[in-house]
Amino acid sequence: MELTGVTAQSIFDDNAADLKLSWVAGLEGADRAFDVDFAKEATSAADLVGHLNLIHPNRIQVLGKPEITYYQRLSEENRKRQMGELILLEPPFLVVADGVDPPPDLELRCTRSSTPLFTSPISSAAVIDHLRLYLSRISAPRVTMHGVFLDILGMGVLIMGDSGLGKSELGLELISRGHGLVADDAVDFVRLGPDFIEGRCPPLLQNLLEVRGLGLLDIKTIFGETAVRRKMKIKLIVQLVRRNDGEFERLPLDSQYMDVLGLPIHMVKIQVAAGRNLAVLVEAAVRNTILRLRGIDTLRDFMDRQRAAMQAEAASHSPQGRLL
């Protein structure tokens, strides 16, 4: 996993409010980070954070009430040996959760070794789950794409096309028809799972839509809270193309896809021409995609129907054989 620039300080700053973290020792270790080789070998965030485990010393170590109870039952010699082995390998930081006070000798050892030590009143399991989700997000593959990203009938749809084709105007019309804006112009996509890509709006462009001749429109202010969305999973790409009959396939036999972060996303192409109601066409494309996801393929059904008709016609014209 890619965790360049992720330090104890950055993790603390991003999660202090949610986890109610307090930094009690090891302030000098603010730049402490994951071991590079360990981070590269990690297959998921579950490898990067967990309960106290000396077998995996390079991950974030979370100590709840059971771990602290176990630690306090150890002899002083065993405490020094086990914590010495752990801290020697420089974990990013330690978290004492469940509202338990860290043992004084553990706090002292963290101070002397510049190992960040945090405390949290939240349960250790919740701390681990939260940090795993956080690390999954910041380490996930991501890309910024140009277009208008909308929630249409509950489906994340990215409208793309050359400049001047009317993407923003189309987005505005769809919003006026009750659909929701996620992002305009720049959309940040992040792959959070094997078949899960989430799109969000950069904070600077939140709720804004740029329309030629009108300038910037604050969609949330104009249309209300229900006209904007924070995030959506991308399921469909609508590519607007200029009218060029020589290159446009009216009835594509094979589904078209666009690769986004290594995942094929279903794509439809719509020609832009005078008199065409693009908003209705996009809504129809979304409804058709919903049917395809349910296993209903209109084109395939038509081809099967046509094939059956041709076979029936061929059978009706076949020679009947002669009686001898």
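Cβ coordinates are placed from backbone N, Cα and C, and glycine is handled just like the others.
Record note: among 25-30, 67-72, 271-276, 271-276 is the stretch given as region 'Important for the catalytic mechanism of dephosphorylation' by Swiss-Prot. Packing against the region 'Important for the catalytic mechanism of dephosphorylation' (271-276) from elsewhere in the chain are residues 161, 165-166, 240-244, 248: each is 6 or more residues past its ends and has a CB under 8 Å from a CB in it. Annotated pair SER163 (ATP binding site) and HIS146 (active site), C-alpha to C-alpha distance, rounded: 10 Å. Neighbours of the ATP site: apart from GLY161, ASP162, SER163, GLY164, LEU165, GLY166, LYS167, SER168, residues of the same chain with C-beta atoms within 8 angstroms of the site's C-beta centroid are LEU240, VAL272.
Summary for the recorded positions HIS146, SER163, SER168: the Cβ-based neighbour count within 10 Å is maximal at SER168.
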